[in-house]
Amino acid sequence: MVMQILLRATMLATAATAASIPFRSTSTTSALRLSANVTGLDISPSLQGQELTYVSNADCQADIVFAPAGQGATFYATGQTVGVTHFSDDSSPGAGMVITPGGTATVPSANVVGLRCGASTTGVSVTPSGLQYDGGAWMACPRDGAVVLSFKQAGQRTLASCGDVQLLPIYQEV
């Protein structure tokens, strides 16, 4: 009987202690900026260390572009998608990264990677080695006064005047 009382008291003490330990979220959401690491061809000025941000080009759509280090947008990676929580201000909806591969077996399309509200390309992930999608790679291409992000599939060459980049995560506290 004394053992049962001690056992119950120990269980109650353990439960009380566990209730006071702060809960650690197991969410797979990560806040991060994405920084360019030149892996091959570069452009001038160099892309090294520049960060991804976005420039709105239509209602709830934007091209993803490169900005100086420290001026990148905060992106969120959740499982198989990457995007932003609020497109333009705190009252706007979130927007997902949209990747449109294309081109031929050896030549990629000039499609720009963008953000779009209510849409997102699945299969996009962030690992310690960078932003990943479908075994392909990233290009930075000058266009209309900005440097835009483009995608090339495995086996496709880099377009003329574009640079090859790996996009490394810089994790942030949320």
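Every residue gets a Cβ built from N, Cα and C, even glycine.
The signal peptide annotation in TrEMBL covers 1-18. The domain 'DUF7907' annotation in TrEMBL covers 32-170.
In terms of DSSP secondary structure, the domain 'DUF7907' (32-170) contains 0 helix, 71 strand, 68 coil. When pLDDT is averaged over the domain 'DUF7907' (32-170), the result is 94.
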